[in-house]
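Taken from TrEMBL, the feature region 'Disordered' applies to 1-110, 163-197, 349-378. According to TrEMBL, the feature compositional bias 'Low complexity' maps to 17-27, 56-69. As annotated by TrEMBL, compositional bias 'Polar residues' applies to 83-97, 166-183, 349-364. Look at TrEMBL and you will find 184-197 tagged as compositional bias 'Basic and acidic residues'. Per TrEMBL, domain 'Kinesin motor' is recorded for 468-779. The feature ATP binding site is assigned by TrEMBL to Gly543, Gln544, Thr545, Gly546, Ser547, Gly548, Lys549, Thr550.
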Amino acid sequence: MGSGASKKAESNPPPTTSTQRSRPSNSRRADFQEVQVRPSGQDPAHKATLSTSNMSARQESSRESGGSSHRNRYARHAADPSNGGNNSLQHGQSAAATSRAGRSKGRPDLQDDDVVFETFVHSNGREFVCAVRGGRRYYLDDWHSHEWQPFPERWYSEGRLVPMDDNSQTRSSGSNQQNGTSESTRHSEKDDREGYLKHPKRGRVETYLMEERHYVHFFFDRQTGKWLRLPIGWELHHSLVKQMVDHVEEALPHWGDRADILALLRACNYNPDECIGTYLLLDGDGWLKPQRTSKEARAEENKDERIEHLTRKLKQLQTDLETERKSRKEAEKQLSELEEKYSKISAEATSAQRQMEAMQQSRPKTAHSRPKTPVAVAVPEGPTQQDLELLNRKVKSLRKSHVHLKMDMLRNIGSVGAVIKDAIKAAADLKKSDVGSQQELEEIRSLYQKEALQRRLLYNQLQELRGNIRVFCRPRRDDRAQMCLKFPSDQDIMVSTGDGSKKMFNFDKVYNTEVSQEQIFTDTQPIITSCVDGYNVCLLAYGQTGSGKTFTMMGPDDNPGINIRAITELLKVCSERAETKSYNLKVSMVEIYNETVQDLLTSDARTLELQMVGNVVRIPNITEMGVSQVSDIKDLMKLGDSNRKVASTKMNSTSSRSHLVLMINVEGEDKVTGAISKGVLTLCDLAGSERISKTEATGQRLVEAAAINKSLSALGQVFSALRESQLHIPYRNSKLTQILRPCLGGDAKACLFVNISPDVKNYPETCNTLEFGSNARQVALGQAKQNIQKRPGGFPPR
Ligand SMILES: Nc1ncnc2c1ncn2[C@@H]1O[C@H](COP(=O)(O)OP(=O)(O)OP(=O)(O)O)[C@@H](O)[C@H]1O
């Protein structure tokens with residue numbers, strides 16, 4: 001928001017009062033103006049007038065009453081959707097009402113006089129920082145002029161108000177939900193992530209290159225001692241992945257190709273529902289289906305042919321079988337008929353035989369007893385010889401076919417027996433393999449136990465690979481304060497109050513109040529010095545004013561902090577490697593004050609512009625000073641320090657209201673291979689994170705507070721987005737997050753110091769700081785990458 005914002009405000013002048021008209025247009029009054037913003041329906045006589053003096057008086061009374069422990073970043077309570085959401089803040093009065101609603105709901109300590117910061121997103125895409133105090137809403141015309149203007153009534157219908165903490169959510173729930181970028185960003189900068197493609201059916205399709213964070217599945221290769229990417233074929237055997245693929249396959253049974261499913265699952269960041277959704281959304285799209293190779297097509301065609309051939313063969317066999325069955329039935333019928341006939345004929349033959357025998361017995365034995373003339377004897381008609389022979393032949397053939405049938409039957413019974421035998425054998429095998437599986441299971445169990453042990457050993461290595469932000473907690477030494485801290489272990493810290501409430505936090509390292517500067521540096525030394533090997537490294541100090549951030553980062557002259565020790569150590573490491581590598585150390589120092597980046601290594605504290613090109617942040621014209629010996633460092637720090645704006649606050653007369661960012665570029669060239677490594681060490685002393693009511697901020701201090709609130713909220717939003725692997729990481733929400741982007745973008749190593757006060761009076765702020773640290777600790781940036789190139793010239797400039 002710069003001159004453009006001012007112009008817009010000028011072209012739509014808000015209602016002004018006589019007080020406003022009378023002041024010079026170029027006035028740099030750093031205060032709220034006396035205003036008359038009359039909410040509709042409010043009695044015109046009931047004009048609230050607010051001036052610097054009465055604001056201060058209100059604050060003083062609020063502070064003295066000891067009730068104002070509200071932290072401005074709790075502004076979200078004021079816009080609780082249940083209270084009507086952002087858009088329900090129709091005017092100053094309702095803002096106060098909402099504020100009160102928020103107080104009664106979530107923060108009983110929220111006072112009417114507390115300042116609530118918001119962002120007004122105008123429908124034209126521009127954004128303004130707003131502040132609500134005492135039921136009145138104001139907007140900041142320009143970070144440089146520090147002029148708070150009364151919020152124009154008509155703007156309520158021209159845009160929306162967003163509590164500062166919820167910026168990212170509102171952005172993504174707005175009209176740009178799909179691409180995750182704000183309109184304002186689009187208006188103000190050309191975004192090279194936007195693009196389009198031409199789809200044969202859908203026509204022009206808008207595209208956006210999301211800065212997505214993805215899970216990547218690795219396995220540990222013992223041979224190389226490295227974590228390698230899991231091939232799809234292996235991953236399909238992983239139980240968790242298998243479950244996901246099963247889940248998708250169950251929902252989309254016709255898909256069939258498990259590798260294809262897994263590929264889309266990977267693309268959907270292992271979210272089966274998203275995978276199913278994507279498939280269903282694009283199903284039927286010719287583009288989605290992979291092209292068949294000619295081999296696959298041939299195989300497919302052959303398969304169809306084969307199936308057809310086999311079907312034909314099967315049909316033929318079925319017909320043959322049917323014919324066979326019929327003929328067998330017929331043969332059986334014939335057989336039974338013949339058998340019947342045979343038994344009849346043989347019965348007849350037997351009776352004819354008997355008759356013949358009887359006739360022969362009754363014939364006279366002598367010649368005279370024999371009649372002289374032949375007598376015609378009536379012989380009963382029986383089967384002839386021919387008949388008998390025919391019959392015999394038939395019987396024989398029947399016996400033959402009977403034997404055939406019997407053999408067929410026996411053969412069939414034999415094959416059924418073989419099938420049964422096979423089944424029994426298979427069942428036995430199954431039983432055996434079941435026993436085998438049990439043994440295998442036992443082996444796997446013991447293997448798992450071994451693996452679990454090994455895994456514990458590999459945990460630290462994994463942390464390194466995942467790139468979790470390492471969070472160190474350092475409480476300030478304060479001998480006069482009543483301690484509210486306990487240190488159960490070197491990774492745990494317990495915060496307790498007099499009323500007995502306790503909170504436990506866990507960090508990578510928790511120091512006690514006695515820890516030395518040297519010890520602090522020793523613990524961060526390996527991370528810091530890795531920038532000599534081409535890593536981007538970032539160290540941040542976060543905490544309320546006076547908690548020891550500057551002490552930790554800069555430190556006093558006789559007991560220096562991380563900044564000076566780090567550069568000294570880098571010089572030492574570089575000189576140790578001088579035989580094989582030549583190094584070049586360049587230092588830049590900037591301050592981010594009121595959303596303006598200022599170069600601290602020029603006497604005029606020049607304002608710098610940031611350029612975001614893809615993932616790269618450029619700061620053209622930034623002063624870079626070479627450092628070759630330890631004495632250079634102190635001169636450089638002094639120069640930067642003298643240029644730094646230090647605003648006094650009541651809590652700490654030297655407390656800084658700006659972020660100090662020290663960047664050390666370490667470029668090394670291998671004398672043998674010519675390979676160039678380029679690492680950047682970013683050391684950042686953040687502005688105090690405390691609520692503004694405690695610092696009694698008015699006027700210019702209020703503008704500073706708004707800027708600090710905006711940037712630290714933006715840092716928290718970046719952490720949250722990274723932690724939740726959101727599609728859009730809102731780096732562009734503040735200058736601080738833009739500058740820190742290379743350190744929080746996925747290939748750097750990051751360390752966060754949460755500096756806290758041990759004083760029981762600071763309990764709420766201490767808890768807020770520790771919560772911020774806990775959230776940051778869950779952020780995984782991904783494996784840090786070395787920036788090494790064979791030839792110079794390929795590195796993106798900062
Ligand atoms: N560990 C410590 N041991 C001794 N003194 C300390 C320690 N930490 C901080 N102090 C002292 O406390 C005072 C406030 O510390 P410091 O200025 O570092 O706070 P800060 O968090 O940087 O505040 P600001 O936000 O204003 O920059 C200083 O006088 C500093 O010397």
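All residue numbers here begin at 1 and follow the chain in the order shown.
Note that Cβ sites are derived from N, Cα and C of the backbone, with glycine treated the same way.
Whatever TrEMBL says is automated annotation, not expert-curated.
Because the structure is a prediction, the values reported are computed rather than measured.
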All-chain count of other Cβ atoms within 10 Å of Gly543 (ATP binding site): 30
Neighbourhood of ligand 1 - binding-site residues from Gln544, Gly546, Ser547, Lys549, Thr550 with Cβ under 6 Å: Gly546, Ser547, Lys549, Thr550
Helix, strand and coil residues within the compositional bias 'Polar residues' (349-364) as assigned by DSSP: 14 helix, 0 strand, 2 coil
Winner by Cβ contact number (other Cβ atoms within 10 Å) across the binding-site residues Thr545, Ser547, Thr550: Ser547
Conformational class of Thr550 (ATP binding site) under the three-state DSSP mapping: helix
Where Gln544 (ATP binding site) falls in three-state DSSP terms: coil
